[in-house]
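Feature annotation from Swiss-Prot assigns ATP binding site to Gly12, Pro13, Ser14, Gly15, Ala16, Gly17, Lys18, Gly19, Thr20; the stated evidence is sequence analysis.
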Amino acid sequence: MNAAVPMLAIDGPSGAGKGTVAGLLARRLGWNLLDSGALYRLLAFAAVNHGVDLTNEEALKLLAAHLDVQFVAADDSHGQRIILEGEEVTDVIRTEQVGAGASQVAALPAVRDALLQRQRAFREAPGLVADGRDMGTVVFPDAPLKIFLTASAEERARRRYLQLKAKGADVDQSALLEEIRERDERDSQRAVAPLKPADDAILLDSTEMSIEAVVETIIHHCEQQGWDV
């Protein structure tokens, strides 16, 4: 881990807007981008495509070691483009089914260990914006700036509903709310790297904030670090 390279760690629950915010910040700062949650989605997606059972730790660990992925910051609702083995998979890994699979494989210690060094390798000059569930607590505990971005479960369900409806999906908002609550409980209760703010993280509740307001708030904290924004 290159501690000399500046970085911003953004953690928080599903649907809090971490990916969009991280992508916009990476573009603004001109830094590298890491979407930790997408790595688990990518692994779950690849596992299904390769016929690997999502409970098979050894097979998943081997598959994780060969994931060829790039995150390209973009100025849109995703905040990024995700390239897996040369193919863009930004949208196809964002289904609720893949998300559930990602949460399932993320609970496996061997899988988390396999992806840990991969994630740390993203910390290269001129800097890194990393978002996930344990960036500030496990992956980059020495990050100089840590943000824990959250929002109410109801607001996160509303945002996800509007996002899916805009894509023409037939979704039920109450079902999305239930899924988010279940995922929150699973992620916060898991034995390995449970979802929680780092002791030195700045808590940011975006329930009544626009994406632009969230970005500007974090930029203010970046300025306080003396970073060129």
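Just so you know, glycine gets a Cβ as well, placed from its N, Cα and C.
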I'd like to know which of the binding-site residues Ser14, Thr20 has the most other Cβ atoms within 10 Å of its Cβ.
Thr20
Below 8 Å Cβ to Cβ and six or more residues apart, same chain only. Which residues does that give for Lys18 (ATP binding site)?
Ile10, Asp11, Gly12, Gly37, Asp131, Gly132, Leu149
So how many other Cβ atoms are close to Gly12 (ATP binding site), meaning within 10 Å of its Cβ?
26
